Structure formats: C-alpha cells, structure tokens
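What follows is a single structure, written as structure tokens, with notes after it.
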Amino acid sequence: MIMWGLLLTMILIDFGASLRNVYDMKIECPHSINFGESSVTGKVELPPLLLTDAEALVPESSCNMDNHQSMSIIQKVTKVSWRKKADKAQAAKDSFETTSSEVNLKGTCALSHRMVEESYRNRRSVICYDLSCNSTHCKPTMHMIVPVHSCNMMKSCLVGLGPYRIQIVYERTYCTTGILTEGKCFVPDQSIVNVIKNGVFDIASVSIVCFFIRVKGTNYKIMASIKTATANNCNDTDNKVQGYYLCIVGGNSSPVYAPSTTDFRSMEALASLLRAPHGEDHDLSGEEVATYSIAGQIEGKIPHTANAANMLFTAFSGIPSYSSLSVFIGSQDGPVIYSPGLFPRLNQSSCDKIALPLIWEGYIDLPGYYETVHPCNVFCVLSGPGASCEAFSEGGIFNITSPTCLVSKQNRFRAAEQQVNFVCQRVDQDIVIYCNGQKKTILTKTLVIGQCIYSVTSLFSIMPGVAHSIAIELCVPGFHGWATAALLTTFCFGWILILSITLAVLVVLKFFAAILHNSSQENRFKIILRKIKEEFEKTKGSMVCEVCKYECETGKELKAHNLSCPQSQCPYCFTHCEPTESAFQAHYKVCQATHRFRDDLKKTITPQSTSPGCYRTLNLFRYKSRCYIFTVWVTLLIIESIMWAASASETVLEPSWNDNAHGVGVVPMHTDLELDFSLPSSSKYTYKRKLTSPLNQEQSVDLHIEIESQGISTSVHALGHWFDGRLNLKTSFHCYGACTKYEYPWHTAKCHFERDFEYENNWGCNPADCPGIGTGCTACGLYIDQLKPVGSAYKLITVRYSRKVCVQFGEENLCKTIDMNDCFVTRHVKVCIIGTVSKFSQGDTLVFLGPMEGGGLIFKDWCTSTCQFGDPGDIMSPKDKGFSCPDFTGHFRKKCNFATTPVCEYDGNMVSGYKKVMATIDSFQSFNTSSIHYTDERIEWKDPDGMLKDHLNILVTKDIDFENLGENPCKVGLQTSSIEGAWGSGVGFTLTCQISLTECSRFLTSIKACDMAICYGAQSVTLIRGQNTVKVSGKGGHSGSSFKCCHGTDCSQQGLQASAPHLDKVNGIVEQESEKVYDDGAPQCGISCWFVKSGEWITGIFNGNWIVIVVLVFFFILSLILLSLLCPIRKHKRS
C-alpha cells in the first residue's frame, strides 16, 4: 500500500508540473477574411531551460494545419561561447576567450525563401522559436505564422516545444480587416504618396515582427540599402550577406518585404530596425530588475572554420534579455550565429565584424485610416424568467456593456457582421445597453405582454383565434388590461358577479347592523344601573359592603352582602369564605355567579320597542330580483366601457423642468408669454400655441418653436498618442575601463536614462575576480520597453455649447444656431440660452482610450511639458514630432556587499501613468459621445446621457399686430403610407406619412399620429415645397385604433391599424432619438372623446375578428339561460 501511495503521489506531482508548463499564445484575427496573402502571427515568451536542453528543442504541433516541412530540417549554425582562461586568476581584458563550433538546431526562425508564401498557398503553418541565452540557460520565444484562413478553421489547438505546451487561442477582434491598436481598428496604407499629403491619413504606432530570409541574388543586396540608409563607409557590399526581411505588421497583414522603395511600411521597418537593432527585450514578468556582469568585448570566428576572428561580441553573465541568434554579414551565405552569453554587435555604423538580427520586433509609425464604427442593432426575446438578447453591428462591436445584463464574451460572425449574445436575468425594469457608443433601451413591457398573450392563448387553445384576440386586450399592461378583463367578465357572467358581490355586501352590512343594535341595548342598561346607584346613594347611603368592601350595583345585591358576608359566605354562590377582605375579593374574581343580580334586574326592565330599521331593511332586500340585476348589469357595462376606452391613452411625456406657463392650445395675449426652464443637453423641445388677440378672439396667429438638442463644439490641440510601457532597471558591472567604452542594448530604446558609477569600486564593493579598486564601472540603466499605444489626447482650447432654434410665427420662418449667453431675436419672439451647467472647461485634456464613439476621460492635470514617469501623459508620441519621453526623477544608489557584484537601486516611481490611471479610473470624470465628428483641430459631438443642462428663456411679446397679420398661406396635404410596431405597448408604433406642401417654400409645423379620438405622438418637422416623408412615433391606442396622419384638426382620409403588442423580437431604441418633449397644449380627452374611443373599438372588432363577438354573444345567451334557471320569476298569488 505504501508503494502504491508513493506512486500516486508522484503521478499527481507530475500532473501538476505538466499543468504549470501550459502557456497561452493569443492570435488576433479580423472577423472578415480579406483577399490577398494575409497572415496572422502570435508569440509567447517561455521560461529558461538549460543550454543543452534548449539546443535539442523541436517544435511539435497537434493543430489540424500541418507545420511547414522545412522546419523539421536540421539547421547548421555557428555557436560562439566564451570562457575564462585557465591561466588567469583575475579578470582583465585578456582573461577570457571565445570558442566557435558548429551545432545542429531544429525549428529556429531561420526561415527560407518563399516559405511563408508557400505555407499560405498550402494551408500550412510556420512554427519556430528564438533563443535568448546566457552561458548556462536559454529562454525560448515561440513564433507562429499561419494563413488568415485558419481563423475560420480553428478556435484553439496545442503546440509543444520541449517540456512546454502552448495553447494557441484564436481570438476574433471587432475589426473587419484592420489591426487592433489603441482600441481602434487601423488599416495601414502602403503608398508613399499619401505620406506627403499631411492630414489626409492618420498616423498610428503598430507592432511589427521581421524575419531575415537568406537568399542570393542581385535584387537581395540588403547591405547596399543599409549603406544608403546609414551613410556608412561600406564599399564591398556585393560580397556581403544577401537576403531580405519578411515582416508581418500588427500581427495581421500580407508579407512586407524590406528593403523596398515602393512600400512605406518597408522603409519605416528598416529604419526602425537600424535605429534599434536589438528590438524589444525578452524579459519575463518579474525580470524588470536584473543585473549583468560585463566581461568585456571579444572577437569570435564566423564560421567556426574561419582563419581569424571576424565578429565582435560583448561577453556578459546574468539574465538573458535579448536574442542570441543573428546573421553574419561578412559573406553572401550569411551564416546564422548562435551566441549564448554574448551580445553580437548589431550597430550598422561600420561594416566590419557586425551582424544583422535574425528576428526583430518593435513598433513603427504608419499612415492609414481607422475603420468606421457602425451603430448597433439590439433586440431581445423572452427566455425563462429573463430575456435573451443579441446585439449585432455591420462592422464590429468594440464595446458593449449593460448595468442590468450579463454580457458574455461569446461572439458570432457572419461575413462582416459581428454578433454578441447575452442574457438579462430581470425584465421588471427596462434593459439598458451601451453598444458602440450608443445607449439602447429595450422596453421590457412588451416582452411581458408577449408572455401573457402566449399563456392566455395556450390556456384556451381549443379556440386559438378567439383566445388570441381576447388575450391581446387582456394583456395590455396597466389599468387597460384590468379594465378589459372586467368588461369581458361583466358582459358574459355579470349576473353571477352581481349576485355574489351583493350577497357579500349584504352579509357585511347586516353584521355591522347587528353589532350596532346590540351595542345600543347594552348602553341603555348601563345608564339605568348608573341612575339606580346614584338614587340609592342619595337616599340610603353607600352601596359598599362593610365586610368585603365590594361596591354593589343594586339594593338587593347590597342586602345579600349584608346577610352572607358576616356569616363567611359568598352572597352569589353561598360558598364558604374566610372572613377577610382579601379572601372575598380573590373569590369574586373566580366566582361564576357575580352577574346574578344584574340578570334579575334586566328581566324586570321592559325592553324598548324597535321600529323597522337598517337591519330589517337589509334582510328584506331582494338582491335576486331580475330588475335589480339587469339595471346594475347595464350600468356596469356602460361605466366599464368608458373606463376601458379612456385607459388606452397615450404616454404623457414628463418634462424635467418647471414650466411657469401652464399653456393651453389657445393663449390670449393679455401679457407677454414667457417660459423659463432648464433643458437636458440630450433633449429636444417643441412648443406650439395659437396666439389670439385679447380684443377679438377671431384674430389669431400660429406660433411654433423648435429647439434642437445641444451640440458641443471644441477647438483642440492634438497632443498625440499616449503609450503604456514597462520600466526596467538593469545593472551592468565590468571590472575595468570607462563606462562609455561599452554599448548596452538599452541604449537603442526610445526612452532610457543611465547613471554611471565610474572608477568607484572599493574593497567592500568588488567581486572576487576583479583585479583591484577604482578600475571598473557600474552602469545603472533605466529604459522603457513593451511600449503600447493606449489612447489619443486632445487639449481643449475653446468649448462651445450651441442649439439650433427655429421659429415659425405666422408666415415668418427663421432659424439660428445660438451659443451659451446668446439670444435669437425676431420681431415677436426672443429665445435665449442664459447659461450651461457643464463639466468641461478650457485647458482640460480629453483622452479617448478607444474609438471616439465610445466616449473618453477628462483630465485636469495632464502634463504637456515637464512630465515625470507615472504622470498622466508621461509617454507621448506627438504628431509630426519625435517621441516624447518622461523624466525619471528618482535617485540611484549603488548597493555593495563584500565580494559580490554591485547592484543598482532606484527610489523613483516604477509604474506607468496609464497603469496608475486604470487603477483609479473611477476617480476621473468621463463623458459619452454621439454623432461625433473630429479632425486634428476640432471635435464636435452630442451628449447622449443628458449630463449637461442649458438654462433657456423664451419670451413672446404681447405687442402683436393681429389686424395686419394675414392667414398663413401654406397648404398641407396628408396621406398615410405605412405603419410599423404595435398599439398599446411599451415599444409603440411608427407611422410613415407623405406630406405635401404648397403655396409656400418652407413651413415649420408638427405632424401627429391619431385615431378618431386622440393623438398618441407628434413629430416637429420643417416641410419644404413638394412631397415630404415624415415618420411619427407614438404609444397607446387599442385594437380598433385606425392611426392617421394629422395636422391640427385635419387628418388623412385613410388610416392603418398597428400590429398586436406581442412582437417576437423587441428592438432597442436609441435613447437620444427618443428624448424629446412636445408641448402643444392640446386639450385632454373628455367624456365625449371616451365614447368615441369605445365606438371605435367596437367597430374595430366587427371589422376584424367578428368570431370574437359571436363567441361572446354565445356566452352571454348561455349566461341568461342560467340566470332564468337559478333565479326564476317570483309568482304572486291573487288574494
């Protein structure tokens, strides 16, 4: 048993170790496969291995896409390593030496000519690795290049490299074909001409990975191009290495070949490679702070059979951070150099003893354009206790959130469309969704209606058509549905309800009447007792027994006490008691006969004669009388019909301001008409009245004021792109020579700072192998790597809040866009924006961490000149300027211990500004945008959330010359074209109207959607001469409503009926489009209006499903038959 237990323990330990060796490689794919030989790439950094194990690595793939066959071929490389000389006890410039040998590797990223192109055509992958080594260990970096078609074929697969397992995860981005950078989809442009046209294209920093391809030919003399780019003194370029770099831009592009004079991407890639030949480091997490011990510069032989040393290296020991694979340029073949523990010299300022990187990674700035962000369509269906929703967009969905739903990460793609499915657990409140910068609202009331209709129809499935028609009315939310249920129940079985309810009411009334009767008799008896007692006390004295001290009510009771109590007997039950007051009192509490004398007195009192009262009347009421039942039945039907029709009214818009002019449709102009209110930035406002003369009501003029939603226009200064990065602290120690003698890889980083402690070593700060004190250098290097663009920043120069105001006063039609503290003045009307409550101010910085359609953050303390690492805006790439690096304000300290290598310490901040902002993002003000338009100098948008408010004042003067104002000559023709949506539901309906305008060129007015009795929605519109298409949205109505397009009191001849309120899919509505307030002072629906609505409903039923009427009449007749059987006519006998 012990052996089995040990074996099981070893298996579990081995299984846990294998789980720890699984790493993820993410490959980002566009969701629309474009034409051309596009490839996608991914990489993953792996933990270090022993040198001998690393040299035996072979990539293995279990993916259903075969790896390119040439990757399994043995690759001969020249291995150059260094070691200490045996005859040297202390370090010096000649105390170490290099050795060169040939080793065989499999699967390194020494790609052959046309390999990637063949892999694309043959649907194969290219899996290879890079090595970053010191003298004892290597860190592998696995790269994978696959055709873009693999994104459709695979979601994930497993690749092996030595002891490691790499899970390849294909992740679809919301980009159609572009590259995801800064949260936006960027499409690079390769034309050089477009770079010259400033402002035509955007500039973005895009990641790039390049692989050197060795191939001979006159067209592949790469050193000649490098000589031109660097102006070095290399003359013998024909005998140098020949080949080119194959690059993939942004992890998703067709191959970019460098050098090339026709592709700007190629030119930028080669320039960046020459500027920083070591590229990005390969530090793992936690290796930001590391120590190198530099042995010094040394030469080696390439290839190993060379007669003399021809390649320059820098020997080091410590954590390997940069690639150990390079290409020797000294011959046309370009031997691959494998140099563990050695930095190859990659600086191309000279021609001798240098190499080119085999694999290079970095960032390049490219011109291009960002993909258009399309609005989302969202719909939901009822699913169980909640709702199942789906959002889709023509392009992609860059951001979707909801405060009321659980938005999943599951995406589906159909061609260029992206779909996101999610679940909302509650439908008792409206579903709010933010998608692609738009606020969508799903009115869940309609979902509940649909479930109700389904349930009622299923319950009466024997007659589904009739049940469906009745369910449509029953399931309307609110009072209308209950009124429908009451009306149908009363019509069919009203007599049962009348009898039952009347009987219940009578029982309750008789119960209370009996209680009141008994209570009055008891009160009369108590009054008599009180009078007897008072008379006895006046004539004979106290009624308190002298023995037991009990207060009696009658004389007989007192006489019994005087006889029994002295004899130790109870005067009521004659039980023996102790002759003490306490004993008697205790007995009286349990005695059952204490009421004996009271009952005798009640019998002697003559009861009061009662006349026929309420109780008797209730007992005689004939509630089963057919006359009573019929009268109540008809009355209830009339009242319920009126209440039913009245309940199908429109949804009243509640303004979010206090209007001090409680206007009506007609306003006599005795005084000036003034409105003063605050209006949310996302709201539109329409005010319409008919102004009449105070002297003659026949003289009038129409007033129509339209105020659009607020527009925000800003003048900005584009600060450029904001970057995130990782700060590294590296210590480089060498025993001899000045610090300036050596080049470190971080010298080519865009942002770096170095502090040198030169010739400062002492005996307490010296490794054992150094020759003495004051001979060497400790270089403390700070540099930023893994740079990644995260957003764009704009400095606010001016902010302008404006609204478009249009006024139709009689024939006069004028419009103007007014700003804050500005007025629009006509002869009779004055509209002013008095002030604006805003969160923006001049000097603020707007930062967009993604598409501008998704909104941004407001920074009050954005640094622009002297920036420290960790400040907002610390790492910037201004447009048309060089890279802007932050200041490192901390102090360096060299920490020493006896006989150990010195270590640099830095007391400054090590966290980037972006990471700090994301950790405290809730403390920053944010804003959403809608209908945004932007350039480098201006940004214009509208606020969809209504977070800002304008204080508005409207003044209409009373000095109107009604006599000289003629009638408006504009003639409006109305025709109803189509209808969408449902009546009586939360979603409502949309009526399409064809409006013709004659006799004038422009006319600002409103078109309403009405049935015969009431209007349910209106749209303010500026008509132009000729035909106009106007869509009017409304909510309300009933199954008999025939909706028409109306202008004032005139309506179209034909009306259309909307669908029943139970759509299978409920579409989301754009919040900003629905936020409008319409005020025309129209009168409310009165009693006559209610009867019209009832008649329209009944007419609609006859014109629609008349089978419902037949069924209802059948149940009505059946109900009458039951009434005649259960409540027969009472027969009276003749006397």
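Note that Cβ sites are derived from N, Cα and C of the backbone, with glycine treated the same way.
What Swiss-Prot records for this protein:
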DISULFID  Cys133-Cys138  disulfide bond
DISULFID  Cys175-Cys185  disulfide bond
DISULFID  Cys210-Cys247  disulfide bond
DISULFID  Cys234-Cys351  disulfide bond
DISULFID  Cys376-Cys435  disulfide bond
DISULFID  Cys405-Cys424  disulfide bond
DISULFID  Cys452-Cys475  disulfide bond
DISULFID  Cys751-Cys885  disulfide bond
DISULFID  Cys823-Cys832  disulfide bond
DISULFID  Cys863-Cys867  disulfide bond
DISULFID  Cys1010-Cys1015  disulfide bond
DISULFID  Cys1046-Cys1051  disulfide bond
DOMAIN    611-634  domain 'ITAM'
MOTIF     615-618  motif 'YxxL'
TOPO_DOM  19-495  topological domain 'Lumenal'
TOPO_DOM  517-627  topological domain 'Cytoplasmic'
TOPO_DOM  649-1105  topological domain 'Lumenal'
TOPO_DOM  1127-1135  topological domain 'Cytoplasmic'
ZN_FING   545-565  zinc finger
ZN_FING   570-591  zinc finger
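Overlay of Swiss-Prot annotations on the structure.
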residue: Cys175; record: disulfide bond; Cβ within 10 Å: 26
residue: Cys210; record: disulfide bond; Cβ within 10 Å: 26
residue: Cys234; record: disulfide bond; Cβ within 10 Å: 17
residue: Cys351; record: disulfide bond; Cβ within 10 Å: 19
residue: Cys424; record: disulfide bond; Cβ within 10 Å: 23
residue: Cys475; record: disulfide bond; Cβ within 10 Å: 26
residue: Cys832; record: disulfide bond; Cβ within 10 Å: 19
residue: Cys863; record: disulfide bond; Cβ within 10 Å: 17
residue: Cys1015; record: disulfide bond; Cβ within 10 Å: 20
residue: Cys1046; record: disulfide bond; Cβ within 10 Å: 23
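A straight line from the CA of Cys424 (disulfide bond) to the CA of Cys475 (disulfide bond) spans 22 Å. According to DSSP, the zinc finger (545-565) comprises 11 helix, 1 strand, 9 coil. Along the topological domain 'Lumenal' (649-1105), the predicted structure has mean pLDDT 83. Neighbour count (other Cβ atoms within 10 Å of the Cβ, all protein chains): 19 for Cys452 (disulfide bond). Within 10 Å of Cys1010 (disulfide bond), counting CA to CA, the disulfide-bonded residues Cys175, Cys247, Cys1046, Cys1051 contribute Cys1046, Cys1051. Note on proximity: among Cys185, Cys823, Cys863, the disulfide-bonded residues of the record, the Cα nearest Cys475 (disulfide bond) is that of Cys185.
Distances between the Cα of Cys435 (disulfide bond) and those of the disulfide-bonded residues Cys823, Cys1015, Cys1046, Cys1051 are shortest for Cys1015.
The DSSP secondary structure for Cys452 (disulfide bond) is helix. Shown are the disulfide-bonded residues Cys133, Cys247, Cys751, Cys823, Cys867; of these, the residue with the fewest other Cβ atoms within 10 Å is Cys823. Rounded to a whole value, the Cα-Cα separation of Cys185 (disulfide bond) and Cys376 (disulfide bond) is 17 Å.
The Cβ neighbour count for Cys185 (disulfide bond), using a 10 Å radius and every protein chain shown, is 24.
Checking each of the disulfide-bonded residues Cys138, Cys210, Cys452 against Cys351 (disulfide bond) by C-alpha distance, the shortest gap belongs to Cys210. Between the C-alpha atoms of Cys867 (disulfide bond) and Cys885 (disulfide bond), the distance comes to 8 Å.
Burial estimate for the disulfide-bonded residues (Cys885, Cys1010): highest at Cys1010, by number of other CB atoms within 10 Å. Between the CA atoms of Cys247 (disulfide bond) and Cys452 (disulfide bond) there is a gap of 60 Å. Secondary structure by DSSP for the zinc finger (570-591): 10 helix, 1 strand, 11 coil. With respect to their backbone Cα atoms, Cys1051 (disulfide bond) and Cys1015 (disulfide bond) stand 11 Å from each other.
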